[in-house]
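Features of the protein shown, as given by TrEMBL:
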- 1-20: signal peptide (SIGNAL)
- 76-266: domain 'Peptidase M12A' (DOMAIN)
- His166, His170, His176: Zn(2+) binding site (BINDING)
- Glu167: active site (ACT_SITE)
- 331-365: domain 'ShKT' (DOMAIN)
- Cys331-Cys365: disulfide bond (DISULFID)
- 372-408: domain 'ShKT' (DOMAIN)
Amino acid sequence: MFNIILPLLSACYLCAPMDSMTIEKLIYDAAIDPQMFDFYHVMPEGDVKVMTEYDLLLTLEQYKKLYSEKRRSKRKAVNQIANLWNDCQVNYEVTSSLTSLDEQVIQQAIQEWEKYTCLVFKKNSTKPNRIQFKDGAGCYSQLGMQNTPQPISLARGCRTKWIVVHEIGHAIGWYHEHMRPDRDRYIQINWNAIPARYHEQYKLYTSNEVNTYNVSYDYQSVMHYGATILPGSITTLDPNYQNKIGQREGFSFKDIKLANLMYKCSMGSLLPKCPYNGFRLSKSLKTKPKYTCWCDSGNITDPLIPCTDIDNEMPQPLPISPTKAPQDKKCLDIRKDCAKLKSEDKCMSQIEVMMDVCAKTCGFCGKGGGLCMDHEKGCRIIAAAEMCKEDGLEELMKSLCPASCGYCKEISDPCTVQLEMMGPSRSRANLINCYSSYFIITFLILRFI
């Protein structure tokens with residue numbers, strides 16, 4: 001009988017409507033300023049870190065290692081054991097920048113991790129390797145255990161249980177599901193629908209960086225992004241899952257299985273292998289004893305069912321052709337506060353960002369197609385530091401900083417860009433100020449680099 005019920009449960013879930021605010025859209029909208037998603041960030045401590053995939057904060061060395069051509073020869077979970085938390089214990093503190101209500105949300109997220117895995121979260125404000133939950137300008141986390149306190153930044157818009165669960169996922173060693181090496185068998189990335197500055201957010205990782213622990217691709221993972229920031233950017237090759245990627249309703253079965261395999265939660269068990277691709281949980285659950293075999297229930301809100309209660313495995317997604325051709329890039333606003341940003345004159349002062357995130361409101365539709373320009377203000381400093389052709393950075397620099405790194409046949413200087421995008425109606429004084437600033441910054445770079 002269960003071989004009938006389980007497919008029906010799965011079908012019911014797949015047909016059920018999901019809130020259109022997918023997990024990556026909430027993360028994106030929570031950022032106070034669009035420059036939060038600039039690639040390079042100088043941290044308060046003075047070191048340089050990079051923001052990738054909208055919410056993953058890496059050191060420059062981490063990033064270069066991930067993309068080094070010399071190393072490209074396994075990634076939702078990190079492949080280096082040093083990134084895992086020792087003895088499955090995750091130290092953390094909640095800083096005073098968050099309220100007691102915020103802490104309740106954090107505790108709810110922690111309870112989800114402790115319910116389904118052998119990870120134990122311990123409050124500790126003195127150990128150097130600890131998570132610091134704190135207020136911030138956006139939502140982000142670092143990758144795996146660090147040797148110094150590592151932030152999980154929670155801007156006001158991302159203080160919900162499953163966003164916190166997602167960010168903890170990065171801290172325990174998870175990347176995003178849609179970045180894993182075999183993703184092209186399951187999803188199609190439509191680069192035409194993605195502004196050049198965000199191509200990096202969807203760049204595929206190779207098998208050298210990810211260990212999937214032989215857990216198959218998971219459309220329903222809490223670590224999988226949807227396509228609501230950039231419509232048409234991700235197309236699922238199994239169309240049944242198009243409206244399910246980016247869910248924030250609960251752990252999937254495969255999420256739970258991966259975490260348990262990754263941290264070797266059942267390493268001490270000498271019991272036989274579980275049927276139907278199930279796994280053994282090293283703790284009691286639903287009145288069942290430790291080391292019970294658990295399988296996929298097909299229900300995202302209650303993902304585990306004892307393997308003894310079923311007589312076949314849940315059907316797996318099929319890598320088939322998409323039902324619709326990918327969309328080309330549309331002229332639209334990505335951020336919801338574009339009118340406010342325009343009133344603050346950001347359309348002119350942050351053209352390199354606003355032409356991608358608020359093109360419609362700023363009146364940039366159809367403009368700038370022939371410009372070869374940098375997409376971040378820090379590009380000239382990066383170029384002066386001779387980082388354009390560094391192994392692991394060169395491909396990024398071609399799309400992010402083509403002007404400063406010498407990839408343009410004809411360079412469009414910032415003031416030419418301003419004139420092209422804003423039109424001749426901008427006053428002569430504005431152009432004079434633009435060129436003055438441009439030459440001053442250039443002088444300072446040459447003087448101090």
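Residue numbering: from 1, along the chain as shown.
Each Cβ is built from the backbone N, Cα and C atoms, and glycine gets one as well.
Location within the structure of each feature annotated in TrEMBL.
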{"residue": "His166", "record": "Zn(2+) binding site", "Cβ within 10 Å": "27"}
{"residue": "Glu167", "record": "active site", "Cβ within 10 Å": "25"}
{"residue": "His170", "record": "Zn(2+) binding site", "Cβ within 10 Å": "24"}
{"residue": "His176", "record": "Zn(2+) binding site", "Cβ within 10 Å": "26"}
{"residue": "Cys331", "record": "disulfide bond", "Cβ within 10 Å": "11"}
{"residue": "Cys365", "record": "disulfide bond", "Cβ within 10 Å": "13"}
Could you tell me the mean pLDDT over the domain 'ShKT' (331-365), as a whole number?
90
Whose Cβ lies within 8 Å of the mean position of the Cβ atoms of His166, His170, His176, the Zn(2+) site, other than those residues?
Glu53, Asp55, Leu56, Ser141, Glu167, Gly169, Trp174, Tyr175, Val222, Met223
Would you identify the secondary structure of the residue listed as 'active site' according to DSSP, in three states?
helix
Look up Cys331 (disulfide bond) in the DSSP assignment and reduce it to helix, strand or coil.
coil
Candidate recorded positions His166, Glu167, His176, pick with smallest Cα gap to Cys365 (disulfide bond):
His176
Can you tell me how far the Cα of His170 (Zn(2+) binding site) sits from the Cα of Cys331 (disulfide bond), in Å?
32
Could you give me the DSSP helix, strand and coil counts for the domain 'ShKT' (372-408)?
13 helix, 0 strand, 24 coil
Whole-number answer please: how many Å between the C-alpha atoms of Glu167 (active site) and His176 (Zn(2+) binding site)?
11
